[in-house]
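S.K.: Got a structure for you, written out below as structure tokens; questions coming shortly.
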Amino acid sequence: MIAGSMVALVTPMDAQGRLDWDSLSKLVDFHLQEGTHAIVAVGTTGESATLDVNEHIEVIRRVVTQVAGRIPVIAGTGANSTREAVELTTNAKNAGADACLLVTPYYNKPTQEGLFQHFSHIANAVDIPQILYNVPGRTACDMLPETVARLSTVKNIVGIKEATGNLQRAKDILASVSSDFLVYSGDDATAVELMLLGGKGNISVTANVAPRAMSDLCAAAMRGDAQTARAIHEKLMPLNNTLFIESNPIPVKWALHEMGLMPDGIRLPLTWLSEACHEPLRQAMRQSGVLV
């Protein structure tokens, strides 16, 4: 079972937007040393929308090779074309990923039946564990609990990243699926409470810059130690909030640059963090113990 703190890894780039393989290697080592339980590569935070197919495969391949089986590697392979999602998922399997994360189709706004058929088709086409990903704030497509329940019985579909931040939604999903279906948080601000309800981990933006704290939080929440988990959560809350002061992954890439872990690169149409946001984020990093 893949569980715990799963970092939604950034994809390092130089100032011209070229992929920085040395920094990627440095980040993977950072997470292996700091107790991250799994790495999610080329997801939303990894700027999958602006990577070409060859870059997408190469990031997965390099992360898988460096991790060398020590922790699971989950590859983002979602697309708003079912055919493309099958291709990306096949590529990820061939590159050695342990599982795939598939966001709901964005922009074309399928019906619930369309979502069921989309994910079922991918699951039947590629034999690899697959995690659904619901984030309607970014996709304009909301997969309802009834659809999740239907999909939870499909072979190869093993869980969902629920990123609405709505704990009632998480409760509804948990109540409608079997106990072996994995429900993960995709919202750092509410992750601790979702895990205390029975969720199996957090696919986290904050873990990029505070991996040890997020690992400890997830471990405490999953063993039912609410007091410890909530105490860590309170310390991380300034960071959880400020890492979304502009669109993700703009702030988290700036924070990692501030920590000396990667250059100042991001791809258009995203732009580097505006100067007015620098000090609020720097202060949140200090409050959360990331900077001294």
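Quick reminder: no glycine exception, Cβ is built from N, Cα and C everywhere.
Annotation comment: Swiss-Prot describes TYR133 as active site, proton donor/acceptor, evidence class sequence analysis. The active site, schiff-base intermediate with substrate feature in Swiss-Prot is assigned to LYS161. Look at Swiss-Prot and you will find THR45, ILE203 tagged as pyruvate binding site. Marked as site 'Part of a proton relay during catalysis' by Swiss-Prot: THR44, TYR107.
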S.K.: How big is the gap, in Å, between the Cα of TYR133 (active site, proton donor/acceptor) and that of THR44 (site 'Part of a proton relay during catalysis'), rounded to a whole number?
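M.R.: Between the alpha carbons of TYR133 (active site, proton donor/acceptor) and THR44 (site 'Part of a proton relay during catalysis') there are 10 Å.
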S.K.: Taking the Cβ of each of the recorded positions and counting other Cβ atoms inside 10 Å, which one has the highest number: TYR107, TYR133?
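M.R.: In terms of Cβ crowding, the pick is TYR133.
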S.K.: What's the number of neighbouring CB atoms sitting within 10 A of the CB on THR44 (site 'Part of a proton relay during catalysis')?
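M.R.: Taking every protein chain into account, the count is 25.
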S.K.: What three-state class does DSSP give TYR133 (active site, proton donor/acceptor)?
M.R.: strand
S.K.: Quick one: of the recorded positions THR44, LYS161, ILE203, which has its CA closest to the CA of TYR107 (site 'Part of a proton relay during catalysis')?
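M.R.: Its closest listed neighbour, by Cα, is THR44.
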